[in-house]
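Worksheet for the structure shown next.
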Amino acid sequence: MPFRPDPVERRARALTDLRLGVPVVLGQDKGALVLAAETAGPDRLADLRKMGGAPVLAITGRRATTLRARAYDGDLARVALPADADCGWLRAVADPAGDLNTPMKGPLKTLRDGSAETHRAAIALVKAARLLPAALVLPLEDAAGFAAANELTRLDLPLPPALTPAYAPVAAARLPMEAAEKGRLHVFRPGDGGEEHYAVEIGKPLRDTAPLVRLHSACFTGDVLGSLKCDCGPQLHAALDQMGEAGEGVLLYLNQEGRGIGLANKMRAYSLQDQGFDTVEANHRLGFEDDERDFRIGAEILKRLGFSRIRLLTNNPNKVARMNEAGIEVEERVPLKVGRGLHNHHYLATKAAKSGHLL
Ligand SMILES: Nc1nc2c(ncn2[C@@H]2O[C@H](COP(=O)(O)OP(=O)(O)OP(=O)(O)O)[C@@H](O)[C@H]2O)c(=O)[nH]1
Ligand SMILES: [Zn+2]
């Protein structure tokens with residue numbers, strides 16, 4: 001069938017379905033029906049219950065620790081769905097926002113026997129869809145037949161590793177800016193239906209030199225609203241100013257809001273920070289790693305623009321290591337220390353203590 005979507009396209013569809021609250025099917029013969037805990041609605045939950053079987057809510061090991069549930073699978077726990085559990089229960093188990101007000105969700109019965117591979121794949125998918133990392137999983141005997149009968153998106157197991165897609169330049173135009181009149185904005189689109197990212201080229205750096213480069217991760221609160229909780233806004237503007245003064249440089253604006261967890265999850269993390277957790281603890285309580293960004297994207301876009309050597313503006317040694325690994329040689333790390341104040345002092349100290357940033 002010539003028009004049949006390939007595995008990468010089916011994965012993109014599956015992510016959209018999960019965000020919509022539509023279930024997806026994993027596996028060919030024996031497989032599973034998967035619904036994201038965050039978007040599961042009462043009708044679909046009722047339909048799922050009508051199918052019988054033993055639905056399970058898969059949560060991360062980190063979330064299980066917070067809920068004092070035994071995570072026999074290590075990085076995840078399979079919580080048996082109680083007979084009276086509704087969508088509110090699903091969300092309360094998935095989302096730590098209400099933990100202080102409603103600490104008791106249990107007792108939670110977690111499974112010990114059997115394989116957790118399908119559940120691990122389900123969590124990886126909801127995470128990739130930037131939803132809370134919790135998924136309802138119902139085993140199916142004939143996964144392919146069920147998907148076809150219900151017009152659901154189906155993915156084969158094991159899921160292929162999430163590769164960095166190719167990035168194609170889609171449009172570029174002159175963009176004079178306050179910081180640099182000779183600016184040009186390039187938009188790059190990935191081949192996997194994911195987020196577009198932008199490259200701001202200042203001047204016309206020669207491709208065989210090592211220009212000043214900043215990999216900036218989107219921060220709506222800092223970049224646009226001038227939030228005092230982080231240093232992103234001042235870093236963005238200082239980087240552009242520095243490139244403007246030098247007459248050339250490249251700023252990549254990567255749409256990896258909240259270190260890759262998305263704005264909704266970042267706001268959940270901020271609520272937890274208001275309850276006393278630091279930036280790393282808040283990510284962990286939500287079930288995410290400290291940093292979920294894929295910096296290979298930045299390297300791909302730099303290569304597309306024709307660069308292989310850079311001078312990187314950053315205080316994050318991890319960014320330098322990831323660039324070198326991805327084939328972009330970082331000739332020099334140029335520190336970028338601006339925007340430090342009363343409100344973000346603790347945030348920056350935590351990044352230095354726990355994530356290896358240089359103060
Ligand atoms: N999850 C989460 N993300 C945050 C928080 N505060 C800021 N961010 C995000 O962190 C990212 C900022 O990272 P960057 O400034 O690009 O990079 P960095 O790792 O701090 O390293 P530098 O290059 O030294 O700035 C943005 O995507 C912000 O949205 C927070 O408390 N929680
Ligand atoms: Zn920020």
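One-based numbering along the chain as shown.
Every residue, even glycine, has its Cβ placed from backbone N, Cα and C.
TrEMBL lists 172-335 with the feature domain 'GTP cyclohydrolase II'.
The GTP binding site feature in TrEMBL is assigned to R214, L215, H216, S217, A218, Q235, E257, G258, R259, T279, T314, K319. According to its DSSP assignment, R214 (GTP binding site) is in a strand.
In three-state terms derived from DSSP, C219 (Zn(2+) binding site) belongs to neither a helical nor a strand segment and is classed as coil. Marked as Zn(2+) binding site by TrEMBL: C219, C230, C232.
Per TrEMBL, the feature active site, proton acceptor maps to D291. D291 (active site, proton acceptor) carries neither a helix nor a strand DSSP state and counts as coil. Of all Cβ atoms in the protein chains displayed, 19 besides its own lie within 10 Å of the Cβ of D291 (active site, proton acceptor).
Under the heading active site, nucleophile, TrEMBL lists R293. The Cβ of R293 (active site, nucleophile) lies under 8 Å from the Cβ of S217, L254, Q256, R259, G260, each of which sits 6+ residues away along the same chain.
C230 (Zn(2+) binding site) sits 13 Å from H216 (GTP binding site), taking the Cα positions as reference.
Within 10 Å of the C-beta atom of C232 (Zn(2+) binding site) sit 21 other C-beta atoms, taking all shown protein chains into account. For ligand 2, the neighbouring binding-site residues among R214, H216, A218, C230, E257, R259 are C230, by Cβ distance under 6 Å.
Within 10 Å of C232 (Zn(2+) binding site), as judged by C-alpha distances, the recorded positions found are H216, A218; the full candidate list was R214, H216, A218, E257, D291, T314.
The residues near the Zn(2+) site, meaning same-chain residues not in C219, C230, C232 whose C-beta sits within 8 angstroms of the mean position of the site's C-beta atoms, are S217, T221, G222, D223, S227, K229, D231, G233, Q235, in sequence order.
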